[in-house]
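Chemist: Taken from Swiss-Prot, the feature substrate binding site applies to ARG25, GLN26, ALA27, GLY28, ARG29, ASP75, TYR152, THR207, HIS330, supported by sequence analysis. According to Swiss-Prot, the feature site 'Transition state stabilizer' maps to ASP75.
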Amino acid sequence: MLKNDRLLRALNRQPVDRTPVWLMRQAGRYLPEYRATRARAGSFLSMAKNPDIACEVTLQPLQRFPLDAAILFSDILTIPDAMGLELYFVEGEGPKFRHPVRDAAAIHRLGVPDMETELRYVMDAVRVIRRELDGSVPLIGFSGSPWTLACYMIEGGGSKEYARIKAMAFNAPEVLHHLLGTVTDAVIAYLAAQRAAGAQALQVFDTWGGVLSPAMYHEFSLPYLTRIAHELERGEGAERTPLVLFGKGNGAYVADLAASGAEAVGVDWTISLADAAQRAGGRVALQGNLDPATLYGSPEAIRTEVGKTLDSYAQGNGGSREGHVLNLGHGMSPDMNPEHVGVLVEAVQRLSKR
């Protein structure tokens with residue numbers, strides 16, 4: 001039995017006593033205890049692939065702040081790593097793959113990894129974290145979106161231009177659709193396995209959906225997100241595991257995402273919550289959408305922005321604050337002040353009381 005089920009209730013658009021709050025990358029380098037754990041573990045991957053260390057890091061922000069959820073400490077690129085692309089990290093450059101897939105032959109060789117063998121470390125981490133949380137708050141599991149994972153798999157790492165994957169979209173769309181189909185199968189299996197291991201809410205990160213034109217988004221990202229929402233078994237009624245579809249730069253597609261079958265849509269700060277709520281039309285909960293840079297502001301500025309965000313959602317939702325989870329519009333940065341996170345969380349709790 002959960003002691004704090006605000007997140008799950010809000011994602012399912014049920015009444016809550018205040019707006020729940022959690023933060024993307026709430027377990028991260030801005031915390032000195034995280035940096036100490038990373039120094040001890042030796043690398044990011046060493047932490048992510050050790051269930052006990054992943055649990056330790058997941059719980060660190062909850063030991064500091066009264067957040068309404070824990071999110072699994074992992075990476076969106078675990079699926080392609082398990083497919084054989086071999087993930088590694090370069091300091092200052094981010095994630096890379098030793099074996100990117102750039103032609104039809106390489107793409108057709110890919111298969112869906114076995115979740116309890118190649119990705120057992122993720123499921124073990126979920127199980128350990130659930131045990132340690134002991135019902136205090138829900139645990140969120142997650143995956144990258146098919147389009148975002150395909151970007152990394154084809155580019156071989158992060159990119160500014162996405163030239164290789166966009167060239168494939170124009171020159172060999174059937175090959176790209178084959179890749180996206182295989183990755184979607186894997187994402188559905190991955191999220192289902194996390195749910196079976198104990199994840200109580202699930203989020204898909206479509207980090208790079210916003211680099212697509214509207215026509216390409218509707219061809220190469222949205223259909224696969226919709227397939228996940230339709231095919232991922234999440235239970236029924238009050239016990240249903242809510243699914244959040246988050247995307248950077250997805251404001252123009254809120255109405256499409258609200259029709260996808262997911263329980264919630266996560267938006268960034270490039271659309272007002274009032275506008276997003278009007279587009280959603282009460283079909284889904286909304287999550288967001290403070291600009292992470294707000295945390296560089298003074299405590300008073302942070303409180304002001306929290307108030308504006310809460311009010312903006314209510315303005316677009318017929319005056320009601322139900323069906324909203326307050327979050328950032330993207331992840332936290334390493335140079336942010338932990339004390340400012342405390343200010344943000346306290347402001348949400350105080351200003352959103354029903």
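FYI, residue positions are counted from 1 along the chain as it appears here.
From the backbone N, Cα and C atoms, a Cβ is placed for every residue, glycine too.
The structure displayed is predicted, hence computed values, not measured ones.
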Chemist: Three states by DSSP: which one describes HIS330 (substrate binding site)?
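Modeler: SS state of HIS330 (substrate binding site) = coil.
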Chemist: How big is the gap, in Å, between the Cα of ARG29 (substrate binding site) and that of ASP75 (site 'Transition state stabilizer'), rounded to a whole number?
Modeler: 14
Chemist: Assuming the binding residues for substrate are exactly those in the record, ARG25, GLN26, ALA27, GLY28, ARG29, ASP75, TYR152, THR207, HIS330, what is the maximum CA-CA distance in angstrom, rounded?
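Modeler: 23 Å is the greatest Cα spacing among the residues binding substrate.
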Chemist: Give the sequence-ordered list of residues that share a chain with ASP75 (site 'Transition state stabilizer'), lie 6 or more positions from it, and have CB atoms under 8 Å from its CB.
Modeler: PHE44, LEU45, ALA48, LEU87, PRO95
Chemist: To which of the binding-site residues ARG25, ALA27, ARG29, TYR152, HIS330 does the lowest count of other Cβ atoms within 10 Å belong?
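Modeler: Comparing Cβ neighbour counts within 10 Å for the binding-site residues ARG25, ALA27, ARG29, TYR152, HIS330 gives ARG29.
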Chemist: Tell me the coarse DSSP state (helix, strand, coil) of TYR152 (substrate binding site).
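Modeler: Helix, per DSSP.
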